[in-house]
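Okay, so here's the structure we're looking at.
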Amino acid sequence: MTERDRLGLRGLLPPRVMSFEQQYDRFIKSFRSLEHNTRGEPDTIVALAKWRILNRLHDRNETLYYRVLIDNIKDFAPIIYTPTVGLVCENYSGLFRRPRGMYFSAKDKGEMMSMIYNWPAEKVDMIVVTDGSRILGLGDLGVQGIGIPIGKLDVYVAAAGINPQKVLPIMLDVGTNNAKLLEDKLYLGLRQPRLEGEEYLSVVDEFMEAIHARWPKAVIQFEDFQMKWAFETLQRYRNRFCMFNDDVQGTAGVALAGLLGAVRAQGRPLTDFTKQKIVVVGAGSAGIGVLNMAKQAMLRMPGINRSGEGHNQFWVLDKDGLITKVRNGLDPAVARFARGFGPDEIRDLHEGASLVEVVKKVKPHVLLGLSGVGGIFNEEVLKAMKESDSPRPAIFAMSNPTSKAECTPEDVFKYVGENAIFASGSPFSNVTLGNGRKGYANQANNMYLFPGIGLGALLSGARHITDGMLQSAAECLASYITEDEIRRGIIFPSISSIRHITARVGAAVVRAAVDEDLAEGRCDVDARDLKSMTESDTVDYVARKMWYPIYSPLVNDK
């Protein structure tokens with residue numbers, strides 16, 4: 001009541017003062033009522049209704065919103081993040097009620113340095129930016145892609161404890177090539193084709209310089225850029241700013257953790273990772289990112305030629321089939337994984353060979369999907385995986401949202417067998433097998449990794465984010481699972497323990513930044529302090545720095 005008096009609120013609110021816990025219970029009851037009332041409705045209707053009720057809570061009470069999110073992360077992550085975020089982006093122009101974040105467009109050229117000061121927060125620690133050109137597996141969604149940075153930063157707050165007052169979602173609107181959006185009267189973005197070449201890069205350059213001028217210590221995450229710009233911008237900025245690309249590097253780290261987990265689940269030492277036969281379907285930014293990181297991890301294993309020459313454990317397919325050195329016009333990033341000629345090659349496996357043909361002849365230990373083509377791992381492909389050279393073949397259907405997943409866990413355990421290892425990018429329910437055992441539908445979600453990467457880079461004061469820091473994060477995640485869990489087919493942890501996972505991953509990134517002499521420290525903790533910390537000290541340091549939602553008193557009683 002004292003606060004009401006001091007703030008001039010007496011009489012403007014109902015007389016009852018509700019505690020945080022009572023407000024929390026009131027919202028949960030409202031949410032459960034919504035679930036009950038929407039039973040039997042189409043999944044898309046239910047998903048958007050749940051997103052709306054959470055979004056309204058976010059609008060009116062940010063502290064309560066994040067507390068609800070943290071306490072119920074397993075239930076609410078699929079609503080604020082994949083798969084629902086894809087549905088939100090597709091419908092964003094119609095769902096839009098208020099701006100959340102900033103919009104820099106091609107029309108703002110020459111004005112960005114002054115525009116950046118329109119953001120009201122004096123300090124920003126974490127930025128997620130997209131140009132909307134490749135949203136999940138949904139393609140070019142233009143300005144509607146802003147839903148992705150908003151969802152990602154909600155995860156940063158919930159999982160990594162980044163203060164929500166210090167995060168900034170950003171959309172770079174350089175036009176869209178989506179004809180349907182250009183014809184949509186509700187579309188909120190620029191009605192023009194996408195900029196290309198130097199015109200495009202000049203917009204991104206100006207944006208990056210503006211961000212760095214106001215917040216030089218902010219960590220910048222690039223998200224859902226189409227392949228050519230994902231790699232171009234990563235190479236252009238990674239040594240000048242503290243930035244990373246989640247599709248190229250974050251997804252790769254999660255996939256690497258899963259691949260290492262699959263080796264353990266197959267009862268083999270981790271050094272046998274270099275002998276894994278891996279078929280990868282999808283040669284976009286995510287697929288090539290996974291291949292690059294997996295290759296680097298293999299080269300760190302003992303007994304491997306560090307140049308990597310002559311060691312290719314990957315068979316990569318795109319929409320035209322198996323990629324070989326015969327193909328013309330190969331992107332250099334893809335060319336290094338093209339199959340060639342020689343004694344290590346499989347006879348009669350030709351350029352453009354189909355997925356079924358490749359699986360039948362290679363008999364891979366792992367089938368990894370990053371294609372964005374729903375159902376491409378069909379019955380014939382999965383039955384071919386049953387003949388894998390591994391007694392526990394691993395199938396990773398990592399494309400998002402759920403409609404784009406390459407297969408379902410039910411199909412994997414039905415056609416490949418009960419010993420199969422399954423992981424997906426979007427959440428699926430576990431499968432009850434014939435003998436009463438569970439077939440685990442692991443979620444290979446980059447939510448396990450990117451919050452820790454961002455938090456570790458921030459708290460270390462890293463000048464740049466290196467491949468070594470990212471690999472340390474992936475290896476930390478891979479080691480998180482116990483041997484008993486591995487035997488049961490669990491290769492990724494439960495999202496319910498995400499804050500504990502993030503503290504561990506963040507600490508691994510801090511240690512790697514210190515080892516690479518890139519850590520400058522942050523606030524009252526300098527580089528020497530970080531260097532003197534033990535591994536457990538570093539985990540404690542990271543955990544202590546996580547923001548937690550509580551009501552701060554507006555009036556202090558004497």
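For all residues, glycine too, the Cβ spot is worked out from N, Cα and C.
As annotated by TrEMBL, active site, proton donor applies to Tyr81.
Cβ neighbours of Lys152 (active site, proton acceptor) (same chain, under 8 Å, six or more residues apart in sequence): Tyr81, Val128, Pro169, Gln221, Glu223, Asp246, Phe450. Positions annotated as active site, proton acceptor by TrEMBL: Lys152.
The feature (S)-malate binding site is assigned by TrEMBL to Arg134, Asn400, Asn445. Listed in sequence order, Ala77, Thr82, Val254, Gly425, Pro427, Phe492, Ile495 are the same-chain residues six or more apart from Asn445 ((S)-malate binding site) with CB atoms under 8 A from its CB.
The domain 'Malic enzyme N-terminal' (58-238) scores a mean pLDDT of 96 in the predicted structure. For 58-238, the entry in TrEMBL reads domain 'Malic enzyme N-terminal'.
Positions annotated as domain 'Malic enzyme NAD-binding' by TrEMBL: 248-514.
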Among the (S)-malate-binding set Arg134, Asn400, Asn445, as the record gives it, the longest Cα-Cα distance in Å: 18
